[in-house]
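> First, the structure itself, so that you have it in front of you.
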Amino acid sequence: MTTTTAEHDGSGTTSTAYAAIVIGAGQAGPGVAAALAADGPVALVEMDRVGGTCLNHGCKPTKALRASAVVAHQARRAAEYGVHTGEVTVDFGFAIDRVHKIIEEEVSGLAGYIEGVDGLELVHGRATLATDPTGAEHVVTVDGRRLTSSQVYLNVGARASVPPMPGLDTVDVLTEVELLDLTELPAHLVIIGGGYLGCEFGQMFRRFGSEVTIVAASGLGGREDPDVGAILSQTFADEGIRVLEARTESVAPADGGVAVTLDDGTTVTGSHLLMAVGRRSNSDLLGDHGIETDDHGFFVTDGRFQTSVPGVRALGDVNGRGAWTHTSYQDSQIMLEPSRTVDGRITTYAMFTDPPLGRVGMNDAQARESGRRVLKAEVPMSGVSRARLEGETTGVMRILVDADSEEVLGATILGLQADDVIQVVGTAMQAGVRYPALRDALPIHPTVAEYIPSILTSLQPLDG
């Protein structure tokens, strides 16, 4: 195997050459780095803990915490099923400790995997990148150490966006990172943002016992269809979550907490403030890298993740082609298979509220804008046998198809097991399956998924 080459540049700085350098040990980085190490020495640079946002602050810890919130909610509903538990209390500190224990095990496992790959060196520290326009030798500097290679892979991800706002520098602002480090339950959690993050955390903390107010200018669910947002809003109201459809004007300290003033004149006072208004690219953390980015700071790439600089590729959130762990991981798979491209990828995603939301392709509004003749199949969750059997009848299932080509255009499922069931439709779309094949499939009974074939027998014009 090729070994690294170290030399001094005359200034006392050691320069080490690698066959490839991967910056970021998130979902795409380790797999790509390990595969590349079979052909030569590879440096995997990480400024924090391995695993990226998903493992340390995102998908996995939030789902572990969600599990505790779901159990608390189910325990309070136990009498509906003939089970009597008495008063339900939540030990928030224990729930958080459980999350940390699970994540520590996962991080340790990933670190051990990386350390066990022959030819792969894990370099800890903040990386800056100076690219070579010719692609001959890119320079990565990590805490004064100089690394060089003609092949650089960027998996630097994204971070919580905290937009400028009057008074923001006078209060403690939480993102998902700090929220998961709390050891005591907030008395009143005020959340700015009604998207996926705001909805998931809002419901969790309400179920733990916090008072929760969500400030969402466009309502809950963001880009989803209005009826989906309305169902979520009613579900949250039933659980005691206050949702205010207004814009935040300013924040200020108040009574040991924070006061949030809205554009309708309302002021909300809480003990803690969570900012959940989206994420921003980490491309700026690499310094003056010389790589083309879009208006939002994400690297512009082709279908094989090649950036504007030869030999530099961008994987995961930072390329703007998908802000999800599963898209990042698939980027690594595509990268390692020369015949594959990310162009044309069908992205399925979920919001892990209770009930969850599963989405793929077009929603109603997007279908109307497409100019196609669109047919819709729909059933409320109250009409799904499995949902009725389990007493989980909140939500809706709908599928959109092209009336002329029979192409499946998209699906929205809000309800029991939606995060799993949506993948049936997503897989069919990726494979180019036309809707009659789904309609004629033989499903298992009683399941939620069995209603995919069922409702496709009753298609109606989208706006009929």
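Every residue, even glycine, has its Cβ placed from backbone N, Cα and C.
Note that TrEMBL annotation is computational and uncurated.
Keep in mind the model is a prediction, meaning the values are calculated, not measured.
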> Which of these, G109, G112, G278, does TrEMBL say binds NAD(+) at the same site as G193, G194, G195, Y196, L197, G198, C199, E200?
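So the NAD(+) site in TrEMBL includes G193, G194, G195, Y196, L197, G198, C199, E200 plus, from the candidates G109, G112, G278, G278.
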> What does the structure give for the C-alpha distance between L197 (NAD(+) binding site) and K63 (FAD binding site)? Integer Å is fine.
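Given the Cα positions, L197 (NAD(+) binding site) is 12 Å from K63 (FAD binding site).
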> Counting Cβ atoms within 10 Å of each candidate's own Cβ, which of the binding-site residues G193, G195, G278 comes out highest?
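That would be G193, with the most Cβ atoms nearby.
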> Measuring Cα to Cα, how many angstrom lie between G278 (NAD(+) binding site) and K63 (FAD binding site)?
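Cα-Cα, rounded: 19 Å.
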> I need the most crowded of these recorded positions: K63, H445. Count other C-beta atoms within 10 angstroms of each C-beta and give me the top one.
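Highest number of other Cβ atoms within 10 Å: K63.
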> Comparing the binding-site residues L197, C199, which residue's C-beta has the most other C-beta atoms within 10 angstroms in this structure?
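The residue with the most neighbouring Cβ atoms within 10 Å is C199.
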